[in-house]
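Record features (TrEMBL):
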type	residues	note
TRANSMEM	A:23-42	transmembrane segment
DOMAIN	A:25-363	domain 'ABC-2 type transporter transmembrane'
TRANSMEM	A:169-192	transmembrane segment
TRANSMEM	A:221-245	transmembrane segment
TRANSMEM	A:251-272	transmembrane segment
TRANSMEM	A:279-296	transmembrane segment
TRANSMEM	A:343-365	transmembrane segment
Amino acid sequence: MTGPGPILAIAIKDWTRFLRQPFLMVISVVIPLVFIFFYSLIVPVSNTNPIMIADHDGGPAAIRLTATLRDLHSEEGPYYDILTTDPAHADSAFHQRGALATIIIPEGFSSSVASGSGQVDLRLNNINSDYSKNLRLRLDKAVRDLNDQIAEPVITVHETRWLPHDPTMLGYISTSLLLFGCLYAAMVNTGLHVASEWNDRTVKGLLLAPVSRGTLVAGKVLAGLGQSLLSVALVLAVLIIGFGFTPTGNLAAMAGIVITTLLMGAGIGAAFGVASKKTLAATSSLIALAILFFLVSGNEESMRGLAWGQPITSLWQFSRALPTTYAFMSARSIFLTGDSTNLASNLGIVIAATVIVLGFAAWLLRRAYSNLTGGQ
Amino acid sequence: MNPDRILAIATKNLRQWSRDRQALAGPMLIPLVLMFLCGVLFGFGGDDWNIGLVNHSRGPRAQAFEQTIRDSRSNITPYFKVITTDPAEADRLVHQGRLQLVITIPADFDAKIAAGSTPTLETAVYNINTDMMKNARLRLDRVIQDYAAAHHPDRTLITITQHTTRTSDVWRKTFIANSTAILAVMVGAALNTAIMIAREWERHTAKEVRLAPRPLADLVSGTILAGLVAAAVNTAVTLAVAMLAFGVRIPLDRVPLLLALSGGVALACAGLGIAIGAWLRDYRTIQPLLMVTFAGSFFAAGGFSSIPTLPRAVQAFDRFWPPAPVFDTLQAWTWMTDPPNPTSFAIAAALAGIATITIAAFTLKRRL
């Protein structure tokens with residue numbers, strides 16, 4: 001038997017199983033949403049830091065400094081979320097470890113500024129260098145801005161940008177999360193469908209069916225992809241409705257990169273499924289792999305500028321060796337930056353890798369279906 | 001409760017655990033993956049930022065400004081690492097995204113200052129996102145502020161003093177690695193016990209358990225005991241990697257308290273694991289669900305960055321999310337010079353342990 005009938009039959013069999021087994025629904029749909037929910041919570045951390053100000057002065061310079069701190073912002077949003085300016089509240093929160101940092105504006109600050117010797121104090125419970133650095137540099141920026149306003153700028157800066165506007169972290173991460181959703185769903189769903197045949201001891205029945213091995217492979221990939229569409233649609237809906245993600249670009253190009261990534265994920269999942277032949281091993285490995293792809297491939301453009309020492313250079317080179325990285329870069333070109341300089345070559349790599357990984361998965365499947373152990 | 005039966009159940013579970021490579025590696029996978037990826041990606045290089053620095057001026061003021069850039073530092077590392085001073089190479093690298101900032105000091109820098117006007121630096125940025133750009137631009141602001149304070153005090157009406165509770169900052173990679181060790185305590189206890197319970201159904205041995213006389217208390221105790229041993233092994237491996245590769249150093253005088261607090265947390269998580277294992281009974285659901293929930297909690301509940309540094313809405317969420325106080329308290333007791341009183345946390349952990357074990361026993365009883 002050849003043709004689309006058996007392929008569809010295998011896919012429908014797996015979809016029916018999916019609908020009847022709640023655990024598959026949990027793994028396929030709920031888990032990526034859980035990860036996206038948690039990860040998205042920390043995206044604003046890169047831009048906006050909560051801070052307490054203990055304003056012991058209350059004079060005009062103190063008010064102006066607080067206003068400058070409040071006004072500092074990037075294209076993403078404000079740099080500081082000022083929780084309080086009440087000195088008693090701020091001091092008590094810092095001493096009770098409710099706040100890790102406090103900006104102290106001392107009494108007499110305004111008159112000191114008027115005489116040219118104002119000092120503001122940053123108190124830090126410095127248990128994380130990233131947070132300490134962020135708070136200090138923001139305060140430096142505010143003080144520099146205020147000095148420039150009151151006196152005269154010492155140096156100005158003229159900036160030439162690659163893109164006219166900085167893409168926001170939310171947009172940057174949303175693109176990565178969408179691709180993560182595609183890879184996760186395709187990898188895990190297809191991997192589970194393949195490994196389940198061994199786990200449930202039904203692989204022999206499949207093997208004895210009067211269909212070609214290619215048909216079996218195609219049926220598994222179709223089953224995984226069909227199931228993935230539901231979870232990818234949900235991920236996209238969450239990103240658009242929940243996070244205000246507004247993808248730009250050509251609709252066909254957007255659909256193209258999503259479908260290609262799904263196919264690549266299905267190939268990876270099928271290869272893992274047949275290699276492990278165990279659902280638990282396949283699921284755990286593929287979930288960890290999807291998170292790895294998200295963090296490593298999804299951050300290549302950030303790592304590129306940081307990779308001038310070890311071990312970050314090795315990690316960056318590793319990301320350049322992963323075909324998934326080029327899917328993330330293509331998606332970012334299409335969805336976010338609109339820069340198409342390397343889009344064609346990146347897409348070429350993604351499509352070539354997808355063909356190779358699907359071919360490899362098919363070869364593994366054909367080989368495995370033809371070499372069953374005695375227990376099956 | 002029969003100690004022999006408890007020990008027998010614990011031994012059986014540990015034997016199955018040690019023979020099952022998936023169960024052995026699974027609970028360690030997420031902490032180790034997060035430690036390596038987040039530690040290297042987000043925090044290995046300290047505070048330094050790679051830049052191109054092109055100085056077209058030979059004047060002393062321009063030289064002083066260049067030196068300020070090179071000398072600028074946090075209390076752990078310099079703020080900048082100059083990759084190139086060649087204009088053509090700097091231009092090429094910033095266009096490729098290999099550098100995110102190139103600073104060019106113009107030829108007329110000194111002349112403008114001498115003439116009483118303001119010189120303008122030329123910068124080129126690869127502005128891939130606001131986070132990268134914030135890091136690059138704010139460092140330059142710091143340098144300008146430092147240069148102004150040193151060379152133009154008449155225009156620097158406000159300066160900053162900084163007081164820290166520790167002599168030097170805890171490196172971010174170290175903070176993250178310690179968080180993954182804390183994560184290993186929770187994941188190890190919850191996931192190992194959940195899989196041990198689910199295995200009774202997966203391997204069709206639940207029937208034997210049902211037929212045993214009054215098995216509940218012994219089964220719960222034996223599984224918790226085995227889960228705690230397995231979690232201790234998972235945590236020890238994770239912590240060893242964190243110490244060897246990421247510089248985690250726990251003050252010796254705090255080890256007993258940290259062990260006691262971690263034990264309470266592990267007990268509560270083990271109870272939770274039994275409840276989930278008995279409820280879902282399918283380790284294909286249990287493993288990914290727990291792994292992803294704990295991995296997500298690492299990011300949102302103080303593992304990646306301390307709770308007071310998170311947005312208000314997340315802090316509000318963390319008030320009700322149990323892993324949050326675990327990360328917060330154990331990190332505080334590892335790093336803070338003057339950590340908060342742990343009594344309320346210890347009481348809460350003990351109560352959580354009692355609650356989850358009660359729920360575990362109730363859920364298991366229903367299933368059996």
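A Cβ is built for glycine as well, from the same backbone N, Cα and C atoms used for every other residue.
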Ask   = So are the transmembrane segment (A:279-296) and the transmembrane segment (A:343-365) touching or not, going by 3+ C-beta pairs under 8 A with a sequence gap of 6 or more?
value = no
Task = Report, as numbers and ranges, every residue of the chain located at least six residues beyond the transmembrane segment (A:23-42) whose Cβ falls under 8 Å of a Cβ in that stretch; write 'none' if there are none.
result = 17, 173, 177, 180-181, 184-185, 188-189, 192, 227-228, 230-231, 234-235, 238-239, 242-243, 283, 287, 291
Message = Any contact between the transmembrane segment (A:169-192) and the transmembrane segment (A:251-272)? By contact I mean 3+ C-beta pairs closer than 8 Å, pairs at least 6 apart along the chain.
response = yes
